[in-house]
Amino acid sequence: MVDRHSHNSVLASYVLKEKLNFLGKLGCLLSCVGSIILIIHSPKSENITSRAEFEEKLSNPVFLGYLCFVLLMLTLLIFWLSPAYGKKNIMVYIGVCSLLGTFTVPCTKGIGLFAQDAFTKNPSSSNSTYLFLCLLAVLGCSILIQFRYINKALEDYDSCIFSAIYYVTFTTIVLVATAILFQEWTKVGAIDFLAMLCGFTTVSTGVILIQMFKEFNISFRELSKTPEKKE
């Protein structure tokens, strides 16, 4: 599941007859490798099992500030950049879909915690029911908006290019959101930090290869040709 999107990028060039040159496939591979490095060395999530502890994490000022920043960026992307530049730059649609991943982490975790208390007759069940429904509504809206902009992106751009870049940006943003929510960066050592930096550099290199050389008709056979010597 880790490299699902990049696998789809390569398969799309064969199944859907979409053009993906050698450098594009190399970019997909680098993106997968970099993402795997990020996931392996990223700080592990805390095992939160109580509703009170989860509510405390959600009310953290740092996480609330990050959510406000994400909402501001989504507002700019959806209402301003998307109508003007959505068909010209693939990163507009990818930015919308990836930033919505920020809400996936707390919503899915919270729904699992609040589901048991939401339908009981405990005195605190009314509060749990309210939070459960709110998280469920936010998760549903974010998924619907993601589907809408994914369909828009697939109408205007090659699925092989979209899948690879979307996977990288979505994974990166979800990791950042998880780290901020659970305050995991304090547990990252120097080796893990350097490994994540290398992984992010590898991912960025892969995305650059996919984006910058997508219009070039370059194959492995052409790269392996020995240049003829001129007499």
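Cβ coordinates come from backbone N, Cα and C, glycine included.
Keep in mind that this is a model prediction, so the values were computed, not measured.
Feature annotations, courtesy of TrEMBL:
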TRANSMEM  20-42  transmembrane segment
TRANSMEM  62-81  transmembrane segment
TRANSMEM  93-115  transmembrane segment
TRANSMEM  127-147  transmembrane segment
TRANSMEM  159-181  transmembrane segment
TRANSMEM  193-213  transmembrane segment
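Using a cut-off of 8 Å between Cβ atoms, the transmembrane segment (20-42) and the transmembrane segment (93-115) share fewer than three residue pairs, counting only pairs 6 or more apart in sequence. Ranked by the number of CB pairs under 8 Å to the transmembrane segment (93-115), the listed stretches 62-81, 127-147, 159-181 are led by 127-147. Within its own chain, the transmembrane segment (127-147) has Cβ neighbours under 8 Å at 51, 55, 78, 96-97, 100, 103-104, 106-108, 110-111, 114-115, 117-119, counting only residues six or more beyond its boundaries.
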